[in-house]
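According to Swiss-Prot, the protein has these features:
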- HIS326: active site, proton acceptor (ACT_SITE)
- ASP275: S-adenosyl-L-methionine binding site (BINDING)
Amino acid sequence: MADCLSSQLERYANQVASSAGIIISHLKTLKDEPSTLPSETTVPTAIGTAQLQLAEAAFQLLHLTRDPGNVLTNLTVDLQVISSVRWLLHFEIPSLVPQEGTISYQELSCLANVPDNLLRSHLRLAMTCHLFQESGPTGMVAHSAVSRKLASDPSLAYWGQYFANTVFPTATQSVNATATWADSKQLNETAHNLAFDHRGTFFDYIAQDPARTVEFANSMRAVSTTGPFDTCHLCKSFDWSSLGDGVVVDMGGSTGHASITLAESFPSLRFVVQDLPDVVSDSIKRLEERQLPLSVTSRIRFQGHSLFHLQPVKGAAVYLLRQILHDWPNQEAIKILRSIVPAMGPKSRIFIADIVLPKTGSIPATEERVMRCNDLLLHQFTNTLERTFEDWQAIVSRVDDRLQIQHVYRDPGSILSLLVLEIV
């Protein structure tokens, strides 16, 4: 029997007070207190746990205290917030507002070449979500901590532009895609096909233009720096130091963001990052531009390779597929895994870092909703869906009789699980 409303309110309110108390005590020990909380992945474990618990309890309280009759009002607000963020990104407002100091609406509208009244409307809605702020009695525009990060962090800017220009238009075609193709499993009958008026698969579409390939790679690198997807969770999901100086083949590794994170944490491991030639060429340049220590870059090399071709690197310690297989239907996922098996040595493992869909309500809602969101995004782009553990088992069982899932782990705060596959 479900808790009564008063019990739920009391439980979540107590959790908010308790978790906030832990975080406040920690903040008071710091020499320079930050204006916003850092990612839970960058603070001591107890503080990170408190941040996650606080976010979940506050989220539940928000929904418990909302009138169910206002659901459409709330959804309308959420939709317009998304629309305003897209508008602000399109006209490059974050980069036009000074990093420090203020700017008038009139001057900002001139710089962006947009109507003053529309600029005010979009900015003031965004301000209710802590994007930008007004300063002074005359209403000057200034950055908030969030918008300043959006303007100054290239990775976040890439993701913002990709969201505005690709993800948002694709999502708006979801209804039309279902109405047109119903239960189609074809990779080229998707919301993305309708949004961008093309007849190939999503990966065909980005491969047709090197700029699209690079844009997609940059957006994936950006996503990997956000809390639920942060590559640091990968470091905590396995005892990587036990591999010594073994080789990790980062298949479909894009710009090498996962390998770089692992290389920085485990100084003996070596890495081969594989992806399409256009991505590899750009990634090598980007690695050089980052000016990372030689102790890191000397252990990372890039290699052009198709996921569906036989794996050329033999006997690696790990073949890593991070957020790769979820892009492909079952049959293609099986082909990708089969391409690896002949290259495996007696101690080789395949690591699948992907979402394992939970039973509804079995994990914090703040984490589950990100997984469910990703589930729909996949369908809109590739006509695939995220998988349950049973789905993953079914795929692995069809690859090779000897290949088995030996271990599954999900780091707290991560939406990705690590499935460890071995030949037994």
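Backbone N, Cα and C atoms are what each Cβ position is placed from, and that goes for glycine too.
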Compute the C-alpha separation of ASP275 (S-adenosyl-L-methionine binding site) from the residue listed as 'active site, proton acceptor', stating it in Å without decimals.
16
Name the secondary structure element type, per DSSP in three states, that contains the residue listed as 'active site, proton acceptor'.
helix
Can you tell which of ASP275, HIS326 has the least company, meaning the fewest other C-beta atoms within 10 angstroms of its C-beta, among these recorded positions?
HIS326
